[in-house]
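One structure is given below, encoded as structure tokens.
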Amino acid sequence: MDLKGTTILAVKDDEGVSMAGDGQVTLGQAIVMKHGARKVRRIYKDRIIAGFAGSTADAFTLFERFEAKLEEFGGNLLRASVEMAKDWRKDKFLRRLEAMLLVSDGTTLLMLSGTGDVIEPDDGVAAIGSGGPYALAAARALQRHTALSAQEIVTKAMAIAGELCVFTNDHLTVENARRA
């Protein structure tokens, strides 16, 4: 799966989850087509935050399907995520989609992939996309060695990822989901 062109980072703290995504859209390996794309958004009655890495068209298809699962299961994030991952893995059309999702309701943070993975990180930090490893490392260091809030951590860690990953820029979208 080719995930070049974006970085999505989410960090959970006592107040909830903050998620950030950069805005760069890259055509192939060399051309930046857009600087301010919105890859993190609020879904399901603005109660769930979700971010995507991968093909934009594929991600929108997955957002639609995921939101339908949330409707079907009354906003139950874990149940909707598991059912979405099952469909994603089994369905011939969905299996070809190249994207990953980070989703949160403020209490639970999950990473979903087309291989059927539904992963809740042990430390409350998750990242996807080409700059994901850089953002993840920076966020974990900031989480362990500072008293910054989740929102401050995602903002600073994404800045570091943007310095290291040519497919990640500093035009961030940040969304917060507070614990219920």
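Glycine is no exception: its Cβ is also placed from the backbone N, Cα and C atoms.
Per Swiss-Prot, these features apply:
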ACT_SITE  Thr6  active site
BINDING   Gly162, Cys165, Thr168  Na(+) binding site
Query raised in the report: Thr168 (Na(+) binding site) has how many other Cβ neighbours within 10 Å of its own Cβ?
Result: 31
Report task. Give the sequence-ordered set of same-chain residues, not counting Gly162, Cys165, Thr168, with Cβ within 8 Å of the centre of the Cβ atoms defining the Na(+) site. Result -> Thr7, Asp22, Gln24, Ser130, Gly131, Tyr134, Ala135, Met158, Ala161, Glu163, Leu164, Val166, Phe167, Asn169, Asp170
Query - Gly162 (Na(+) binding site), number of other Cβ atoms within 10 Å - result: 21
Report summary line: Neighbour count check, CB within 10 A, over recorded positions Thr6, Cys165; minimum at Cys165
**Report entry** Gly162 (Na(+) binding site) to the residue listed as 'active site' - Cα separation in whole Å
**Finding:** 10
Report task. Pop the Cα-Cα gap between the residue listed as 'active site' and Thr168 (Na(+) binding site) into the table, whole Å please. Result -> 5
Query - Cys165 (Na(+) binding site) and the residue listed as 'active site', Cα-Cα, nearest whole angstrom - result: 9
Query raised in the report: When DSSP states are folded down to helix, strand and coil, where does Thr168 (Na(+) binding site) land?
Result: coil
